[in-house]
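If you look up TrEMBL, you'll see 53-72, 84-107, 128-149, 161-181, 193-211, 239-258, 279-302, 364-387, 407-426, 438-460, 466-486, 539-560 (among others) marked as transmembrane segment. Sequence annotations record features per position, and here TrEMBL assigns region 'Disordered' to 607-656. Taken from TrEMBL, the feature compositional bias 'Polar residues' covers 607-620. Marked as compositional bias 'Basic and acidic residues' by TrEMBL: 622-639.
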């Protein structure tokens, strides 16, 4: 490996990459020309609420499995070891809580946008604030998700940068605009299979060339890359068991509990049971994805050890793209890696090196990589079109016909596709300004999670508390994020020292290990204190810290301005967690704490037929229908004793 080499693609690689784009486009065209042909907003935005468990679960998996995540996990393992693998512990609660708390509330209210809940629970102002925050979060994020993998590929292989960006952006915009949510979900299924195939191919071929998985594991242990259980409770430590296992739960809740892209998939399910089952199916799939990323990192370490061929100069890269990639990804996951951009390139070089004599397989991995990007940005387009239509347009245009609403929804999906390409172009011009793009995604997710938790778990929280809490959470998030960014820019963070290993080093390496430990102890940085400690908070605690800020501030303001009374709550908007936890208290005390009203029962109509929207108006449900529902509700209550606040077959439309 002494000669400088330029990695490049062959014709079969380009053919496989082209097949991915063609197949995705064909799926979009199929759903544009079949079924109801996307003529209603229910079909375009919610797939007619007719999706089954398996495609929904695979779409949930693919939505945030971006190309950066596919590259990032092996890079993490190669650089720091397997401590990151403990993130799988957080998947238990991170998926069980959405399945049994968030899904029942959202599904039984018959929502289209998750932010409709905020108006039902608080008021229109809170709903609009939540919607605008989400739009800001996703618009910033999707451009970088599209641009970063193309830039990394260009840096290593010379693959045409803007050819890849435009091909992905335009194809994704096309099938999302034509096929609606059905096309997005089924392309996610196809792209998930491609992602699994690409990663498995790399692991199998790479492990075989390294001498088998046993040899890979042995080299990883000798190289101190097999990490032991780190129970250090310090929240400023980047990765520990508590950081990954507890902090990761809040990160998962922000993604799988209240994010519109995921909620929209739950609501597209045929029944509530299938929506819940989709969360259960995602759990083993997430574990498999995590294992594949970690194994790929270990195979890469077994092949190269600690000395990267990129660092040695054996590989010729696009210097300008390399520099820009470093600027753009410097704050990925909010914590600086001094060589993280080179690690991303290292993964791509590793793939090209492993598949050097196997034409077509490099193209398979690139298809895997861009499948991650396509699944993420298509979900962003569709969810952004949904919240814009349902939360910002329909409430102010109640007389809009179904045909116009559907056409406008498609126009919004197209517009957001063009915005994504624009953001990718902005990223190419101002990479240093957009270093915090990934951080913004996490910084905004925490406060939104806190806002939904405030409304769902605390019945006495009012709209004033929700508004002040959200503003406080966002202010705290950006203060910590910007403070962390500025402090890192002032003092570059060195590469982390040797990892805690489950085995002692070999006898020949004992002196090196002891000297490394001594030098590390002598040169260790002083523990940050005060505000600096807050700036050094591990990125996995961001969601927990910011959501807790929203809840605490919201509750204090609510109590000071007059808490809500139980009779003023919209039935079905509060999950009775306090009522279940405080079951031992007498009813009069629980009544004072607003924790008597149970969650509404499952309406039979939801499980038997898709919800049909009003034909004449897309804003408020028809007055006659409301009267009929109210009459049926009263008759039912007279016939059978029910809880004081039962939600029967109430239809919740977008504008209330």
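Numbers here mean position along the shown chain, with the first residue as 1.
Any Cβ shown, glycine's included, is placed from N, Cα and C.
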Is the transmembrane segment (407-426) in contact with the transmembrane segment (128-149), using three or more Cβ pairs under 8 angstroms as the rule and ignoring pairs under 6 apart in sequence?
yes
Against which stretches of its own chain does the transmembrane segment (84-107) lie, if we need a Cβ under 8 Å and a gap of at least six residues from its ends?
73, 76-77, 114, 117, 227, 229, 239, 241, 244-249, 251-253, 256-258, 262-263, 266-267, 269, 272, 275-276, 279-280, 282-283, 286-287, 290-291, 294, 452, 456, 572-573, 575, 577, 599, 606
In the same chain, which residue numbers or ranges, 6 or more beyond the ends of the transmembrane segment (364-387), come under 8 angstroms Cβ to Cβ?
9, 13, 16-17, 19-20, 24, 45, 59, 62-71, 112-115, 131, 134-135, 138-139, 141-142, 145-146, 149, 153, 159, 164, 168-169, 171-173, 175-177, 180-181, 184, 187-188, 190-192, 194-195, 197-199, 201-202, 259-261, 264, 351, 355, 409-410, 412-413, 416-417, 420
Out of 53-72, 193-211, 239-258, 407-426, 539-560, which stretch touches the transmembrane segment (466-486) the most, going by CB pairs under 8 Å?
539-560
By Cβ distance under 8 Å, which residues at least 6 away from the ends of the transmembrane segment (193-211) in the same chain are close to it?
20, 62, 65, 70, 219, 288-289, 292-293, 295-296, 299-300, 302-303, 350-351, 354-355, 358, 361, 364-369, 371-372
Verify whether three or more Cβ pairs under 8 angstroms connect the transmembrane segment (279-302) with the transmembrane segment (539-560), leaving out any pair fewer than 6 apart in sequence.
no
Can you work out which residues elsewhere in the same chain, 6+ from the ends of the transmembrane segment (279-302), have a Cβ less than 8 Å from its Cβ atoms?
53-54, 57-58, 60-61, 65, 69-70, 72-78, 82, 84-85, 87-88, 91-92, 95-96, 98-99, 103, 195-196, 199-200, 202-203, 206-207, 210, 215-217, 219-220, 223, 225, 256, 346-347, 350
